[in-house]
Each structure stands twice: as structure tokens, then as C-alpha cells.
Amino acid sequence: MNYQSYSDTICAISSGNNINQPISIIRISGKNAQSIVSKIFSGKVGENKTITYGFIKENSEIVDEVLVSWFLGEPQGDITVYNNYVGEPLIEINAHGGMIVTNKILELLISNGARLAEPGEFTRRAFLNGKLDLSKADAIHNLIMSKTRLQARNEASKLKGSASKVIKDLLKELSLLIGSIEVGIDYPEYIDDYEEDLKANSKEDINLTRINKLIARLEKIVKSSETALNYFEGIKLAIVGKPNVGKSSLLNTMLKEDKAIVTNVAGTTRDIVEGIYYLDNFIFKIIDTAGIRKTRQEIEKIGIERSYKAILDADIVLHLFDNLNSEDEFDLDIKKIVQENNKNYIKVVNKSDLKSDIKWSDDFIKISAKNNDIKNLEDHLLKIYSGFDFNSEDIFATARQIKLFKESLEYAYAAREEIKNQLTYITAIVDLNNLFDTLQLIIGNSNREDLLDEMFKNFCLGK
């Protein structure tokens with residue numbers, strides 16, 4: 001991303017682009033923020049952390065009646081301390097909503113010396129000014145973009161620095177390990193005595209203990225983070241079964257809309273239909289698949305092949321049965337594929353409102369999609385997924401963070417083998433230093449511009 005200058009004064013609409021919103025906020029940040037706003041604001045220039053009333057004017061014409069919040073910093077000796085979000089002079093104009101007036105104020109700020117901010121530039125400046133690290137910036141972005149209350153709660157908990165503390169604790173443990181190994185490099189005579197003592201007392205190498213402890217924590221973080229990210233983005237649920245068991249009816253009931261064709265003709269769903277299903281604090285990406293059976297129609301064969309692929313891609317497979325028809329070879333085929341691929345699997349009997357002579361065992365969940373009676377299914381789904389600890393400090397639920405943790409693990413695995421097999425300690429130090437640097441990237445202790453560009457490009461314009 002080509003930022004023109006970090007010393008420029010920037011501005012942007014921070015309240016979104018809803019044309020009918022009652023109030024809008026225009027944010028201005030930079031060393032010339034006060035002088036630029038003063039050119040278009042008729043009210044009093046406020047002191048730091050005050051709000052003043054007045055009018056935005058273009059020449060003598062009133063554009064809007066506004067409140068202006070001033071965050072101009074406090075002199076402390078020879079420096080000015082900025083206790084605000086960005087860490088530099090910051091002003092926010094609270095105007096009446098509507099894009100005509102809001103854009104006019106933005107236009108006046110730009111014509112008087114400000115420039116339009118890049119996406120995420122306010123937060124980028126906050127990072128560069130030491131007001132936050134990248135783990136907190138990640139939390140802010142994820143909080144804004146949260147799709148469920150669980151996700152929002154998890155990200156909000158990181159605003160006090162819990163994610164940063166996890167990384168710093170890991171770095172502290174890693175520093176002890178690196179220091180211990182470096183002693184062995186610089187003073188090998190002590191290591192010989194140390195290893196003889198280990199053999200005599202059958203004690204595990206303290207360095208091996210430390211790297212194993214570090215690896216266990218990293219593995220836990222990766223597992224928790226991948227699970228959480230999957231839940232936050234949407235759990236993929238494939239509805240599979242023979243034709244005409246009610247898969248499309250169930251999909252429509254869950255989505256509360258007619259997404260799929262529902263008829264009495266078997267095989268009418270020939271492609272995969274997707275929809276988003278919200279259940280309490282969980283998001284499910286529902287996939288309604290073509291019924292699995294023998295067919296001579298080429299187009300239906302393609303749909304059935306896609307159904308098998310949907311099973312492989314799903315996080316959980318909902319195998320739907322018809323209350324009037326017992327299991328057969330096609331149901332067994334589905335069950336076999338699910339078991340071979342170690343998928344979460346639930347068996348659901350539809351049309352429970354119809355009388356049947358079939359005795360279904362207790363592990364079958366009974367519903368009636370046609371009558372919108374799916375509470376048993378919903379309760380079961382919540383039981384499966386509600387046990388996960390969404391408040392864990394080990395959750396770092398962005399693709400960027402997970403990628404860096406996985407890279408860290410690879411360096412840790414390599415270092416462990418070098419320590420375990422008593423290879424040269426110098427090689428272990430190289431991998432451990434790479435591990436240290438990779439963990440530092442998670443909180444942003446790096447001068448890499450490409451890392452910052454990738455980090456902030458997805459932020460909204462006024463953040």
C-alpha cells in the first residue's frame with residue numbers, strides 16, 4: 001500500500017456510509033488537524049479532551065450544525081503526550097447524518113489541507129505511534145467485523161492486552177531456552193560436565209523440557225485458534241441422504257425461506273444449495289446435496305458426485321432419513337464415507353409426524369421439517385458445539401496469526417530434533433531465533449512494510 005506520508009493530516013468518515021443514519025462522525029488526525037478544522041468551524045477551538053458546539057461553514061454559508069471533540073494532547077515537559085486512539089492530534093466532528101452533508105464536510109477538510117485516509121490508516125498510525133500492537137489491531141478489526149456475539153466477546157477480551165501477554169510469555173520462555181543453549185556454545189566445558197550429570201542421574205535435558213513445553217503451548221494455540229476461526233466463519237453442515245427424504249424441506253425450514261425446490265419427485269435437487277443458518281451464537285453454512293441413489297441421468301450423476309465431495313468438505317454431516325423407509329445400501333455408503341473421513345455425524349429422521357412401523361434407535365434425532373419442528377435437531381447441534389471455550393486466551397482467530405503460529409511450530413519442531421539428537425547447538429540457535437522473530441511478527445515487532453500493508457488493507461476507511 002502506498003501511503004503518501006505519515007506526517008500528513010488525514011481525514012475520513014468513521015461512521016459508515018448509511019445514507020439515512022441520524023449522526024455521522026468525521027475523523028481528522030495529524031499535526032495540522034487543529035488548524036485545518038479551525039478554517040471551517042465557527043465555534044471555539046476546544047482544549048484537550050473537550051467538546052465544543054458550532055457550525056461548519058463554507059465561506060459564510062452554513063453547511064451543518066456540529067459538535068467537535070478535541071484530543072490535542074497534553075504538554076509534559078519538552079514533549080506532548082497524546083492519550084487518544086491514534087497517538088497524535090485527533091479531532092472528531094459529530095455532524096447530522098446523511099451522505100450529502102457528511103461528504104461536503106469531508107470535501108472542505110480536503111480542500112483546506114487534509115487528505116483522505118487509506119483503509120486502516122488511523123489504526124496503522126496508532127501502531128506506529130506505540131498506542132497498540134498488531135495483536136490488538138487484529139482484535140479491533142475482528143470486533144468490528146464480528147458475525148456472532150461469541151466472536152465479539154472473544155475479541156473484546158483482547159483489548160486489554162491479553163493476546164500480547166500470551167506472546168510475551170512465550171518470548172520470555174524462549175529467551176531462557178536460547179540463553180541456556182548459547183551458554184553451551186560459549187562454554188562447552190560446562191556442558192560436558194552437565195551431560196555427564198544427566199546420564200548419571202537419568203534426568204531429562206532441561207533444554208528438551210523447555211522446548212517440549214513451548215511446543216505443547218503452540219500446538220494448543222493452533223488447535224484452539226483454527227477451531228475458533230472455523231466457528232466464527234461458519235460451521236459447514238452437509239445435509240445428505242437418499243432422494244425425497246426431505247433434505248430441501250429441512251434446508252428451507254432452517255433458513256426460513258424457500259431456497260431449494262421442494263416437490264414429491266425424487267431427484268429434484270441436482271446441485272448443491274448453500275445458505276447461512278444462525279443458531280444462538282453459532283453460524284452454520286448449510287449445504288443441501290443431491291439425493292444419493294443409482295441414476296442414468298448424467299446431470300443427476302454430477303450432483304451425486306458433488307454430494308460425496310460435500311461430505312468430505314463438511315465439518316459435520318447430517319444424514320437424513322425418511323420415517324417411512326428404513327436404512328438401505330445407499331445409507332450405509334454414506335455412513336462408510338463419513339466414518340472413513342472421521343467427520344462429525346448425526347442421524348436425523350424426518351417426517352416424524354407420520355405414523356411408521358419402523359423402530360428407530362435412540363441415536364436418531366426425530367424432526368418434522370414440513371411442520372417446522374426441528375427443536376430436537378437444534379438442541380443437539382448446540383450440545384455438540386457449546387463445549388468449546390471461546391474465552392480462552394489461546395485463541396488467535398485470524399488467518400495471519402494462525403499462519404505465523406504454524407511457522408513458529410515448524411521452527412520449534414526442527415530445534416527439538418537438533419536438541420534431542422545432540423546435533424550442533426549452533427543449528428538449534430538458528431531455528432530458535434527464527435522462532436523468536438516469527439512470534440514477534442504476531443505483535444508487530446518488525447519493520448516489515450509488507451506485513452503492515454497486508455495487516456491494514458482490510459480495515460474500514462475511517463478506522
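The backbone N, Cα and C atoms fix where each Cβ goes, glycine too.
Per Swiss-Prot, the feature (6S)-5-formyl-5,6,7,8-tetrahydrofolate binding site maps to Arg27, Glu92, Lys131, Lys463; the stated evidence is sequence analysis. Note: Glu92 ((6S)-5-formyl-5,6,7,8-tetrahydrofolate binding site) has non-local neighbours Ser14, Ile25, Ile26, Arg27, Ile28, Val68, Ser69, Phe71, i.e. same-chain residues 6+ apart with C-beta under 8 A of its own C-beta.
Per Swiss-Prot, the feature domain 'TrmE-type G' maps to 234-386.
Residues annotated as K(+) binding site in Swiss-Prot, with sequence analysis given as evidence: Asn244, Thr263, Val265, Thr268. Within 10 Å of the Cβ of Asn244 (K(+) binding site) there are 20 other Cβ atoms, across all protein chains.
In the three-state DSSP reading, Ser248 (Mg(2+) binding site) counts as helix. Positions annotated as GTP binding site by Swiss-Prot: 244-249, 263-269, 288-291.
For Ser248, Thr269, the entry in Swiss-Prot reads Mg(2+) binding site.
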Other C-beta atoms that fall within 10 angstroms of the C-beta of Ser248 (Mg(2+) binding site): 23
Which of Arg27, Lys131, Lys247, all binding-site residues, has a Cβ with the fewest other Cβ atoms inside 10 Å: Lys131
